[in-house]
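Peer 1: Residues or ranges marked as domain 'Ig-like' in TrEMBL: 33-129, 130-234. The transmembrane segment annotation in TrEMBL covers 240-261.
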Amino acid sequence: MHLWRYKLSLRGYRAMILQHMVFCLLLIHRGRPLIVVPAVVATVGEEVVLPCHIKPEMNANGMRLEWARPDLMPGFVYEWADEKEHVVNKQPSYRGRTSVVKEKLEHGDISLKISNVTISDEGIYRCLVPQVGQEAFIKLIVGAVSFPKVTVISKTSSKVVLQCESAGWYPEPELLWLDAEGNLLSAGPTETLRGPDDLYTVSSRVTVEKRHSNNITCRVQQRNTNQSRETYIHVPVPSWSLKLVLVPGLLAVFLSILLTIHRCRDS
């Protein structure tokens, strides 16, 4: 079921990219300047600013400004005209969450602020100023993160089985186990589940030996958003191992004391 949903979303994403490419070609063909801005990364629940500026700098307060997503219908996420926002054609999911700074409009800064970012906000945005014939395309990448939880599943006199689980991630992350020196540990396969909210849950198990100062770290990370969260657990050394270390040491100290006393008597 999850595999089918993944294939369906992949086809939808490819279709969106194809539509965007055709849209861009049409714009270039009709001679309108096209600007592609580097991707912006945001986290679910936070706010993000999509940059867009008129060049050369001019007062945009009295101009018509359009922010839209070509893949949505209606596609407008923000409209500004007659020195105020227009919401008639606005995409319902963006109502009350998008805005521009009026004071910055005077300097040609028409950047869009999106508050309470959601996963569905991810996509390609178009910033358009019809009066000057300028537009830009900005890709928004949305991520969701959470701290992993490490628990002890089972243990023997010399080994411990640990499980790491982390829920509420987007896009799909990877899970790594590291030893105290930061070396990658060989672990079982990572199980990945995608919930109805499109958030991912990942989990994995690893078997480690009980050694002195054995700190094990579970790290969950996303390469494309450059986000990572980690939790570590200390695996205690077994009591018999401590005895193996302490007994010879105490015996050596005891013999050293006896030898010192013996030498003092001889002298």
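Backbone N, Cα and C atoms are what each Cβ position is placed from, and that goes for glycine too.
Note that TrEMBL annotation is computational and uncurated.
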Peer 1: What mean pLDDT does the predicted model reach across the domain 'Ig-like' (130-234)?
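Peer 2: Summarising the domain 'Ig-like' (130-234) by its mean pLDDT gives 93.
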Peer 1: In the domain 'Ig-like' (33-129), how many residues does DSSP call helix, how many strand, and how many coil?
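Peer 2: Helix, strand and coil residues of the domain 'Ig-like' (33-129) number 10 helix, 41 strand, 46 coil.
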Peer 1: How do the residues of the domain 'Ig-like' (130-234) split into helix, strand and coil according to DSSP?
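Peer 2: When I sort the residues of the domain 'Ig-like' (130-234) into the three classes, I find 0 helix, 67 strand, 38 coil.
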